[in-house]
Amino acid sequence: MKDKAPVSSQQDHFSRGGAVGGKPISDVRGTSRPFYRKPVSHNTIAELAEGFRVLSNGQKTISIPMKEVSALMASVGLHLSDEEFHEVMRVFGQGEQTNTEELSFKDFLSLMMCEVDDTMLEEMRGAFLHYDKQKTGFVTKKQFTELFATGGECSTPEEVEELLTIAEQDETDDKIDYNRFINELIHRLNFM
């Protein structure tokens with residue numbers, strides 16, 4: 001029997017079954033394919049550079065304090081503890097930074113342009129698998145609401161309602177296809 005050639009793309013990782021916590025995920029209904037942003041225009045980079053200048057209080061600088069990034073997140077309703085903030089930076093690809101006190105413009109661009117990768121997909125799916133022990137790809141509306149209202153960064157009732165709108169649950173049996181939800185969420189995040 002011939003060995004299969006290794007798959008070099010991320011796109012089929014979850015359709016073949018990924019892993020959460022070192023344990024394989026068996027195939028569930030729906031597949032996940034990463035969505036990639038379109039090429040970044042000069043105007044987009046200019047807008048991000050302006051945002052970076054605002055965070056640096058108008059100074060032309062090569063880095064900004066992480067506390068400014070954390071304050072920005074808090075100003076838009078993302079109130080994170082220091083530990084949670086550092087975890088967000090790690091998940092969004094900033095874990096390899098040597099300077100954890102400042103964010104360079106290059107790292108700022110990476111953060112703003114970050115795409116959802118397999119690690120993030122595994123973490124999202126892992127959260128749903130807590131409720132989906134049978135690995136059907138579905139959770140109830142109650143489980144979905146509980147996950148976002150009580151887990152990790154607790155969502156407000158309004159935010160949960162918005163997430164439910166994105167989830168488009170099946171009205172007949174009150175189930176939510178979390179693979180479809182994750183795909184839609186990824187699409188929205190990657191094309192913001």
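Glycine residues also receive a Cβ, built from the backbone N, Cα and C atoms like all the rest.
Record features (Swiss-Prot):
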type    : residues               : note
BINDING : THR100, GLU102, ASP107 : Ca(2+) 1 binding site
BINDING : ASP132, THR136         : Ca(2+) 2 binding site
DOMAIN  : 46-80                  : domain 'EF-hand 1'
DOMAIN  : 119-154                : domain 'EF-hand 3'
DOMAIN  : 155-190                : domain 'EF-hand 4'
REGION  : 1-36                   : region 'Disordered'
Checklist outcome for this item: Per DSSP, the domain 'EF-hand 4' (155-190) contains 24 helix, 4 strand, 8 coil
Checklist outcome for this item: Mean per-residue pLDDT in the domain 'EF-hand 4' (155-190) works out to 80
Checklist outcome for this item: THR136 (Ca(2+) 2 binding site) to ASP107 (Ca(2+) 1 binding site), Cα to Cα, whole Å, comes out at 38
Checklist entry - Under DSSP, is ASP107 (Ca(2+) 1 binding site) helix, strand or coil? => result helix
Item to check | Per-state residue totals over the domain 'EF-hand 1' (46-80) - DSSP helix, strand, coil | outcome: 20 helix, 3 strand, 12 coil
Checklist entry - Rounded to an integer, what is the Cα-Cα distance in Å between ASP107 (Ca(2+) 1 binding site) and ASP132 (Ca(2+) 2 binding site)? => result 36
Item to check | Counts of helix, strand and coil residues, the domain 'EF-hand 3' (119-154), according to DSSP | outcome: 21 helix, 3 strand, 12 coil
